[in-house]
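Chemist: Below, the features straight out of Swiss-Prot:
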- 33-53: transmembrane segment (TRANSMEM)
- 77-97: transmembrane segment (TRANSMEM)
- 103-123: transmembrane segment (TRANSMEM)
- 148-168: transmembrane segment (TRANSMEM)
- 183-203: transmembrane segment (TRANSMEM)
- 206-226: transmembrane segment (TRANSMEM)
- 262-282: transmembrane segment (TRANSMEM)
- 303-323: transmembrane segment (TRANSMEM)
- 355-375: transmembrane segment (TRANSMEM)
- 404-424: transmembrane segment (TRANSMEM)
- 428-448: transmembrane segment (TRANSMEM)
- 464-484: transmembrane segment (TRANSMEM)
């Protein structure tokens, strides 16, 4: 059955990743009952898991980190589920559909950050921290200021990510399911709160695992059917795609996506270092028992995500052949029905019929829930653990801390729903770019230098971290996306779309300069404590494991 999907503006490249940020107006669609039934099955099953998890959440450790008893394989699958989004699936395949080989290059940008996490961060992070990355950043530095900075960096990233997720969720669900936008946003918000409020990290982990399995299965089936169509020959795949694509052989050439070298470098640095500074990703490394399992988590996650991005490349070229060359998927003007971001959805219909289209639509919805649940838990832990229990109310009991965390979940959920409704017709794609830039410019430098640079002091971390955060925000506002496209000015003050190259440089230089010039007695004590921190980060001596974690 042909589904009529209305025109949808293509999201900015950053939105192709984890924001599910589908921008532009959409109209109410016919109800997709197959998708709704499949999604209801997923919801009932995951709510059952949440009920099961709620019976096992008895302590702060259980709530924040699932007691540290998630295996490396399970955590790797959950990390992949947390990182691979609906728009990663739709957006990257759409990028391949329109730009060919450049889409593969762009997708690699989201993978290059993982070797950094594997070799530089995962092991030491697990050995030094308990619940949040602020535990690591403040290990030998002054607790109050560093936790405030880390929590602010986390909350800004979470807020920007969450708004983009909620708006994108409403648009995507309205498009795929035929549900009203406001109903879709409220539904996502309520389910998100239920998962995190009652099941904590254990429920969130299993929602992410199930979503990852479903997404990998769906993408694998689509790629298999595409390869079957071309006799399992990549040569045939590329030859047929070039024959029908308007750009012809140019789709096999790189360099057309970001032609300015500074923008390309800035985009790459933002993707690479931003990944290593995302709070909801870093939090996952505390769910395993030790550093060895943390390393295994990254290994498995990288494997799953690498496989997924290879699948999106095949799906994108399959869409060129089976969707782009099929008039049934074009509107009267010759454009793809629903916009280029719907290329993978149309391909699902082409290779598996309406039933498989319903399955892919349900998986897209499940994907959104998995991502927002992880974001909400990261935001709640930043407020309850970093700010409440370690800054404003030192010595608070576990019960008090958990109460604050659950109140924060409710507040974040309500705010996310309200902002999701208010931003319905706004261009929110820039929020994902800003979230990555802040994660790369504030969170990542502090985490990295706190673990590796013996001369880091509280003064340097504070001033450099705030400089990086503010630089990223200011340059993003003055850049082409916000200053010209949103605010309507004729010319951008800052000429580049991605600020990461400059804001990361400012952060590292600021941290180095203000630490190097810090001759205070407190700064000298912090330098002396690095050796003890280094030994623990390398050996894990003193780290609590398992349920005692």
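Backbone N, Cα and C define each Cβ position, glycine as well.
What you see is a predicted model, and the numbers here were worked out from it, not measured in a lab.
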Chemist: If we call contact 3 or more Cβ pairs under 8 Å (sequence gap 6 or more), are the transmembrane segment (77-97) and the transmembrane segment (183-203) touching?
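Modeler: They are not in contact.
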Chemist: Between the stretches 103-123, 206-226, 262-282, 464-484, which wins on the count of C-beta pairs under 8 angstroms to the transmembrane segment (33-53)?
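Modeler: Selected stretch: 206-226, with the most Cβ pairs under 8 Å.
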Chemist: Decide whether the stretches the transmembrane segment (148-168) and the transmembrane segment (428-448) have at least 3 CB pairs under 8 angstroms, with pairs required to be 6 or more apart in sequence.
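Modeler: The answer is yes, given that the two segments have at least 3 Cβ pairs within the 8 Å cut-off.
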Chemist: Apart from its near flanks, which chain residues at least 6 from the ends of the transmembrane segment (355-375) lie with a Cβ under 8 angstroms of it?
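Modeler: Non-local partners: 3, 18, 20, 32-39, 41-42, 46, 81-82, 84-86, 89-90, 158, 161-162, 165-166, 168-169, 172-173, 176-177, 188, 191-192, 195-196, 203-204, 207-208, 210-212, 214-215, 218, 221-222, 280, 283-284, 344-345, 348-349, 416.
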Chemist: Please report, as numbers and ranges, the same-chain residues at least 6 past the borders of the transmembrane segment (103-123) whose CB is under 8 Å from any CB of it.
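Modeler: Those are 13, 16-17, 83, 88, 92-93, 95-97, 254, 257, 267-268, 271-276, 281-282, 285, 291, 294-295, 297-299, 301-302, 305-306, 309, 312-313, 316, 447-448, 451-452, 537, in sequence order.
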Chemist: Where among 183-203, 206-226, 262-282, 404-424, 428-448 do we find the most Cβ pairs under 8 Å to the transmembrane segment (303-323)?
Modeler: 206-226
Chemist: Please work out whether the transmembrane segment (262-282) lies in contact with the transmembrane segment (464-484), by counting C-beta pairs under 8 angstroms that are 6 or more apart in sequence and asking whether there are at least 3.
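Modeler: Result for the transmembrane segment (262-282) with the transmembrane segment (464-484) is no.
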Chemist: Under an 8 Å Cβ to Cβ limit, what residues of the same chain, 6 or more beyond the ends of the transmembrane segment (428-448), are close to it?
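Modeler: That would be 11-12, 14-15, 17-19, 21, 23, 120-121, 125, 133, 136-137, 146, 149-150, 153-154, 156-157, 160-161, 163-164, 167-168, 269-279, 282, 461, 464-466, 468-469, 471-473, 476, 481-482, 486, 497-500, 503-504, 506-508, 511.
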Chemist: Short question: which residues 6 or more past the ends of the transmembrane segment (404-424) have a Cβ under 8 Å from it?
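Modeler: The answer is 63-64, 158, 162-163, 165-167, 169-170, 181-182, 185-186, 188-190, 192-193, 196-197, 372, 376-377, 379-381, 383-385, 388-389, 396.
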